[in-house]
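If you check TrEMBL, you get these features:
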type	residues	note
BINDING	S11, H69, G144, F145, G146, G147, D177, G178, G179, G199, T200	substrate binding site
BINDING	H36, D38, H69, D177	divalent metal cation binding site
ACT_SITE	D38	active site, proton acceptor
ACT_SITE	D177	active site, proton donor
Amino acid sequence: MPAHSIVIAPSILACDFGRLHEEVRRAEAAGADWLHLDVMDGHFVDNISFGPAFVDFVAKVATVPLDVHLMVERPDHYFPRFVKSAANITVHVEAQHDVRKTLAGIREMGRTCGLSLRPATPFEAVVPYLDQIDLLLVMTVVPGFGGQPFMPEMLTKVQDARDRRERLGMKYRIEVDGGINEKTAAQTREAGADTFVAGTSVFAAPDMAEAMRKVRGV
């Protein structure tokens, strides 16, 4: 069973940007615990999304914490611009930065910190930093674009994260992002995930609240 209560974090990337205010309200009313925002710079991943001003706007509208995922080449340069509005800031182990220094910097600025790894990156790459994080984000698709199919081979990483957490008595959350719906949420929950980023499966659902309940497993 998860070491933490289940958290659902709808991905703003999947919402209707033309109705952003209403979409944030709709997600919260449907049961969102957090809101997940993917910041992409066009270098670390082959897409560009939004920057600090956009996140600041969402923060003014939202009443739940913002979970900001920096898919950028230099997270050490960018994270200070997001601490005003983000509750948690997640960076990638593969990016060009001193991982320990970046994580410590996020903590020093009063935010919880997360570390993420791409599907092609072995779990062992994040092991040296597990004692320094509040959240481990396992990407279950290749990062950069929404709506991709779930990669079931990533379940092993989720299991590794859970086993390591239990064995060493750590407390980090295990978050999954990519192709998360009722079926894949159940699979990752069984493997040890407790925090679920869901995009299309909730924002495009006829009944968002019901879709979130299904992802939550209730």
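Using N, Cα and C of the backbone, Cβ positions are placed for all residues, glycine too.
Whatever TrEMBL says is automated annotation, not expert-curated.
Just so it is clear, the model here is predicted, and its values are computed rather than measured.
Features as recorded by TrEMBL, highlighted on the structure.
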{"residue": "H36", "record": "divalent metal cation binding site", "Cβ contacts under 8 Å, 6 or more apart": "A9, P10, S11, I12, D67, H69, D177, V197"}
{"residue": "D38", "record": "divalent metal cation binding site", "Cβ contacts under 8 Å, 6 or more apart": "S11, I12, L13, S49, H69, M71, P143"}
{"residue": "G144", "record": "substrate binding site", "Cβ contacts under 8 Å, 6 or more apart": "M40, V45, D46, N47, M71"}
{"residue": "G179", "record": "substrate binding site", "Cβ contacts under 8 Å, 6 or more apart": "T140, V141, Q148, P149, F150, M151"}
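All protein chains considered, the CB of T200 (substrate binding site) has 17 other CB atoms within 10 Å. In this view, S11 (substrate binding site) is surrounded by 24 other Cβ atoms within 10 Å of its Cβ, with every protein chain counted.
Within 8 Å of the centroid defined by the CB atoms of H36, D38, H69, D177, the record's divalent metal cation site, lie the Cβ atoms of A9, S11, L13, L37, D67, V68, M71, T90, L137, V197, excluding the listed residues themselves. Summarising the environment of D177 (substrate binding site), the number of other Cβ atoms within 10 Å of its Cβ, over all protein chains shown, is 26.
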